[in-house]
Amino acid sequence: MQMNQIGIIGLAVMGRSLALNMADHGYQVAGFNRSYEVTKQMIEASPHKNFHGYRTLQEMVSSLEKPRRIMMMIKAGKPVDSLIEQLLLLLDKGDIIMDGGNSFFEDTIRRESYLRSQGIHYFGVGVSGGEDGARFGPSMMPGGDPAAYFNIGPILETISAKADDGKPCCMYIGPNGAGHYVKMVHNGIEYADMQMIAEAYLLLKYVRHMNNQEMADVFDDWNQGTLNSFLIKITADILREHDDQSDNDLIDQIKDASQQKGTGRWTSIEALKQGVDVSMITASGNARVMSNNESRPSAAQYFHDAKADNLGSSISIEDIRSGLYAAKMIAYAQGFDLLKQASNAYHWDLKLGGIASIFRAGCIIQARFLNQITDAYERNQQLHHLLQDPFFAKQVKESLPALRKIVIQAIHAGIPVPSLSNAVSYLDMYAARHAGANLIQAQRDYFGAHTFERVDRAGSFHHEWRRSS
Ligand code: NDP
């Protein structure tokens, strides 16, 4: 009897798509879903000679060749711990469990350590690309025991997306939680990228007074150049879409309140813990929060007058494109700065250039300029900050005036640009000759004797400040 090479548990959108992707590539895939009805529906809707659905977990596990490879594609959180306990009763030492869901990296670190003590290899696998990516080639970020990677790497790399140079968008990321960490930061960058594009849309709409069709053409045009990316492309498609329930464009019928599942928030919390500034990612998360603030309509009544009604059009489409490009580079630089810090803090030895290269296709943040990020880290593996790479330094410097211009115009006009404006603030703080921190230190020493360092000699100093009455 032919044994299956890999088992997928959880056959919702992502699990079923990955299973069919593996089956298309010739792997014998075993599938199990807690509710058998879902497995049955999948087999009826997408029968595949290489996919075999099972009614019980035990049957599915027994159908696998050893060492067994099992990928969980289920709801993150407690269900993963519960499923691991069920699997432990059925697995042998040396078997491999992968978690392809959006698990929090600290949970993955804990689970990897626990399962290692049970003789099971555990991989946290970041998967990006949504349903289409999973079905036809996602970007994959596996983290776990490097010595066991050879057992799963070939399958994951085979089914992953391929970049223009044919390289797979999957590589071994690092030990324990490294894969899920990189996926988390990927999602944080995704939040910032989406928010920046939304801000550019507001500028085109309210400063350039463009209609949806005209804006779609602009995004299509931008997609031919340095901004070429999945998110810019889909924005053009979205702006062209007609509503099937009214005479309007669909974009104008969608409620102005955005949702989130929390991975962007995790990135911000983790960045605060690591002492890394990811202000654009945080601003983007906050923008989603504020978009849901129920008192927005009354605030608009209070403050709308403060906004210039006649906005004029002192910024060009090219200013918006160029400013967006600058901000995009700064957002990615923030994300990669966090990865660099995490690599040191968790001893992961992350290959930042390689990580940029596996984002080049299959994932939501895929973009042409990721090639340049890979090149930057290949040029200098010790690169302290992406914005200090000669290519990025030059590109940001050239497009910075446009970014300043569109932010000034937006602020003048009362158009919310939290992400774009944070890009400017971040860069100004990063590049500041004088950040004002000397005054902060003086205040700390004044009220708390926290001491300060001096510019003219080494050591910590406290000063007896003269206190006015
Ligand atoms: P969902 O996140 O909607 O999860 C549904 C699946 O989880 C079903 O198969 C469900 O089984 C199973 N499940 C829920 N609770 C349990 C439990 N206690 N024990 C066993 N199985 C359980 O599915 P998606 O396909 O959207 O996502 C799967 C994972 O991939 C999630 O972690 C998600 O965050 C992540 N992900 C999703 C992406 C997307 O675009 N959707 C992109 C990248 C990652 P049942 O049918 O019996 O309820």
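Including glycine, each Cβ sits where the backbone N, Cα and C put it.
The model shown is predicted, which means the values in this text are computed figures rather than measured ones.
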Look at the substrate binding annotation in TrEMBL, where Asn102, Ser128, Gly129, Gly130, His186, Asn187, Tyr191, Arg288, Arg444, His450 are given, and name the residue from Lys78, Lys162, Lys167, Lys261 listed for that site too.
Lys261
Tell me the coarse DSSP state (helix, strand, coil) of Met14 (NADP(+) binding site).
helix
Same-chain residues six or more away whose CB lies under 8 A from the CB of Gly129 (substrate binding site)?
Gly137, Pro138, Ser139, Ala161, Gly362, Cys363, Ile364
Please average pLDDT over the domain '6-phosphogluconate dehydrogenase C-terminal' (179-466) for the predicted structure.
95
Filtered binding-site residues, from Gly10, Met14, Asn33, Ser35, Lys75, Arg288, whose Cβ is under 6 Å from an atom of ligand 1
Gly10, Met14, Asn33, Ser35, Lys75
List the same-chain residues at least 6 positions away in sequence whose Cβ sits under 8 Å from the Cβ of Lys75 (NADP(+) binding site), in sequence order, or say none.
Gly10, Gly101
Gly10 (NADP(+) binding site), Cβ-centred 10 Å count of other Cβ atoms over all protein chains shown, is 25
In sequence order, which same-chain residues at least six apart have a C-beta under 8 angstroms from His450 (substrate binding site)?
Gln441, Arg444
